[in-house]
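**Student:** To start, I am sharing the structure in question, which I have written as structure tokens.
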Amino acid sequence: MKYLVLALCTYLCSQSGADENAAQGIPLEAQRLTGEPLVAYLRRSQNLFEVNSDPTPDFEQKIMSIKYKHQKLNLMVKEDPDPEVDIPPSYDPRDVWKNCTTFYIRDQANCGSCWAVSTAAAISDRICIASKAEKQVNISATDIMTCCRPQCGDGCEGGWPIEAWKYFIYDGVVSGGEYLTKDVCRPYPIHPCGHHGNDTYYGECRGTAPTPPCKRKCRPGVRKMYRIDKRYGKDAYIVKQSVKAIQSEILKNGPVVASFAVYEDFRHYKSGIYKHTAGELRGYHAVKMIGWGNENNTDFWLIANSWHNDWGEKGYFRIVRGSNDCGIEGTIAAGIVDTESL
């Protein structure tokens, strides 16, 4: 595996919000739209994605601060993709790894922990894939979010996925799961916000949840020892910014973590292929990129969000592929599982 060592400023979107809006030819008046005027503009100016009149609730609490756009790091950037990998026109790992139970949608609740939740989800998938579906474990986003501080970021305020992958190498991460999951070391500590169909209602949420404390022990009543329950990685890197490199990485090793700029129009996404069209920059978000495809001659990435399975397309969304829309292809973080630690 070849890498290029770079000392660089990693960013979640290659340009500022205003610069990207200008670069895409988005009129100034469209950049400033919110609410019903924005919804009306989106419905008449594009046909790639359907729009919700009601915006995503707790939107500001689900995304990261703008300060997580930049970080100075010495990064291992994976060089050219494997030339022997044959890239299919579409790919969905759920169809290939049908026995992997880790391919489900998480719920980060009112906490900007997307960087930890998406990384834990990608690691869980990669463990299943690396073991040929013999090992099924949900990695704890809580362990990453609460204990990888300050090097990874600041818990519910946001963080950097590449640092979470590095934490997986050097500290290891225990088993986890969704809120109140039994028989795991450290399940997610924050309950889902509001009503979600027939799911258990735990209550509403107000503001951004405080980051829970780091506890280097398993929850009471679980017959697991924290240190023994750890799983480890053996490599962490940024994937080269090219469509083929990203596709090759996903095919070979499993889902990756993508970070992108979130604009006001994403708040109203309902279904279809998202492309930034209007609205101001609101923050940044990290998600699990699992595959790709094409619909009506539009290439897209297939992405798992962490806003419950009643958001978007059953918890997933698609975004245009090949144009680095919102910086989605610019900072792809990934890593290799140490199978001996499983």
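Note that Cβ sites are derived from N, Cα and C of the backbone, with glycine treated the same way.
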**Student:** Which of these links to Cys218 by a disulfide bond in Swiss-Prot: Cys185, Cys193, Cys205, Cys214?
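**Tutor:** Among Cys185, Cys193, Cys205, Cys214, the cysteine that Swiss-Prot links to Cys218 by a disulfide bond is Cys185.
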**Student:** Of the cysteines Cys128, Cys147, Cys148, Cys152, which is paired with Cys214 in the disulfide recorded by Swiss-Prot?
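**Tutor:** Checking Swiss-Prot: disulfide partner of Cys214 resolves to Cys147.
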**Student:** Quick one: Swiss-Prot says Cys111 makes a disulfide with which of Cys148, Cys152, Cys156, Cys193?
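**Tutor:** Disulfide pairing in Swiss-Prot: Cys111 with Cys156.
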**Student:** Among Asn99, Cys111, Cys152, Cys193, these being the recorded positions, pick the one whose CA is nearest to that of Asn138 (N-linked glycosylation site).
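**Tutor:** Answer for the nearest of the recorded positions: Asn99.
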**Student:** What are the sequence-distant neighbours of Cys147 (disulfide bond), meaning same chain, six or more residues apart, C-beta distance under 8 angstroms?
**Tutor:** Tyr167, Asp171, Cys214, Arg216
**Student:** Distance check, please: Cα of Cys156 (disulfide bond) against Cα of His285 (active site), rounded to an integer number of angstrom.
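**Tutor:** With distance taken Cα to Cα, His285 (active site) is 12 Å from Cys156 (disulfide bond).
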**Student:** Per DSSP, to which secondary structure element type does Cys156 (disulfide bond) belong, with helix, strand and coil as the options?
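**Tutor:** Helix, per DSSP.
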